[in-house]
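*Asks:* Below you'll find the structure I mean.
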Amino acid sequence: MVPMLALSSLPGWKCPSYLSVIAGNTSLDNVADSVNYLNGNYISGKHLFEEEHVFPKLRVLQGSLMMAGIVHMIVGMTGVIGILLRYIGPLTVVPTLILVAIPQALILGKFCEPSWVVAAVTVMSSGILALYLDGRNIPVPIWSRAGGFNIIRFPLHKIFSILLGIIIGCSLSAILTATNVYSDDPTSIDYRARTDYGLKAIYASPWFCLPYPGTYGAPTISIGIFVTYLIPTWISIIDSIADYYACAKIVRTPPPPFHAVNRGLAVEGFFSFLAGGFGTGHATTTFGFNIGIIGMTKVGSRQVFQMFGIQLVIVAIIGKLSAVFVAIPYPVIGGATILVTASFFGVIFSNLSHVNLNSTRNLMVIGMSLLLGLMIPHWAKQNVDKFETGTQQLTDLIRILMTNSNFIGGFVAFFLDNTLPGSRKDRGLLAWTSDGDRNEEETETSGYEETTDVYEIPFITKILKKFRITRYIPISPTFRKK
């Protein structure tokens, strides 16, 4: 999403309204199609507009994303990330992720704006269930063939805190909609707080929609756009590593060994490549919000997330079902996301647990990177004409880099952290590296609910152990760094 947000600020990547283009006949060659559109032939005119203004941009995004996915996959399969971890640590990761999360947090205001009351009720409902009632168990009736009906005490309210908050928020929104508290004027702000706001999307969505490669034509590649994707790719790699360690800490498992990190990065790159091929504009990577949800609900089962992935595939294919989620009122989405976003910020800061925050050096690295990461892009967005070079691709590249807050902040943090004097222990690098170097015999299991066996591949690891060569394959569970 970061590259697309950066590109959207460039003049050449702002799509005009198809109504204005066709009505004015300023760029469409086929006048007959324009006339047909104005006479009511919507499909003909819209298709022509998309072919000329939309699909070429989508094809460039596809090709650039596929190339970035290949780079991402190569980084994981070759194990080169082990070298990068010698220089990239928490002091680089945390400011970068904070600058990524800040714009996402600001967007929540747009979702809550239609009704701050509904948003507040949603977030408070989820917060009470997940935080204030933490440690409390409620009676839950169960049945088993051996024991029949029984009553057990289980934190069911905590596991379903987000879902229950959404249900409460939607119920309140439905009551306010039925009593005409919210305007039925589509141009009104509070119209998006109505429960019937998204019904048109459900009616307009097809029952089935199966994505396929080449939906918008053959992918093309632009060096400038590829570089635009490449920078967030490296940031995503660092983000993923931090998320791996944070998730392991939350679910009380040993830190992931290098082979697990390499395998995770390789899989992310492979599916990012597939995402580009199928026409998706964004890559596949770890999502800190999910880690926040794990921390809130205490649900860390891999089987649960596997089933959730299957559900997402089903929802993506059945158009009517996916449109139901679009129909959720904006304030409910905003309120439910506030709690998760707050947890996400906490996960980011948890990466500083091994950093010496009493060190003036470390505080300066964090402060300077955040300050410049906010200040320079803000100035650059208001002075884009200052970066004119005479070459359009170079100009666009410089503009994208200078308006990208996480690139500026990450670069400053990386430069200062590796040039200012400081021990690896104080910088947090020693903890990250030592955790990754541990094998299953060396891992301290006290306090953990799992051993490093959790990172092995079921059924396949036993086969790989029979072949000595697999010790030298970075993504193999039998890989040994030394």
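Note: Cβ is positioned from N, Cα and C throughout, glycine not excepted.
Automatic, uncurated: that is what TrEMBL annotation is.
Pulled these from TrEMBL:
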type     : residues : note
TRANSMEM : 65-85    : transmembrane segment
TRANSMEM : 91-109   : transmembrane segment
TRANSMEM : 116-133  : transmembrane segment
TRANSMEM : 159-182  : transmembrane segment
TRANSMEM : 304-326  : transmembrane segment
TRANSMEM : 332-350  : transmembrane segment
TRANSMEM : 362-380  : transmembrane segment
TRANSMEM : 400-420  : transmembrane segment
*Asks:* Hey, does the transmembrane segment (400-420) touch the transmembrane segment (159-182), meaning at least 3 C-beta pairs closer than 8 angstroms, sequence gap 6 or more?
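*Replies:* Between the transmembrane segment (400-420) and the transmembrane segment (159-182), which are separate recorded stretches, there is no contact, as judged by 3 or more close Cβ pairs.
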*Asks:* Do the transmembrane segment (332-350) and the transmembrane segment (116-133) share at least 3 Cβ pairs closer than 8 Å, excluding pairs fewer than 6 residues apart in sequence?
*Replies:* yes
*Asks:* So which residues does the transmembrane segment (116-133) touch in its own chain, when a touch means Cβ under 8 Å and the partner is 6 or more beyond its ends?
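*Replies:* Here the qualifying positions are 157-158, 160-162, 164-166, 168-169, 172-173, 176, 193, 296-297, 329, 331-332, 334-336, 338-339.
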*Asks:* Sequence-remote contacts (6 or more beyond its ends) of the transmembrane segment (65-85), Cβ cut-off under 8 Å?
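*Replies:* Apart from its flanks, the transmembrane segment (65-85) reaches 219, 221, 226, 229-230, 232-233, 236-238, 241, 258, 261-277, 280-283, 429, 432-433, 436, 474-475, 479, 481.
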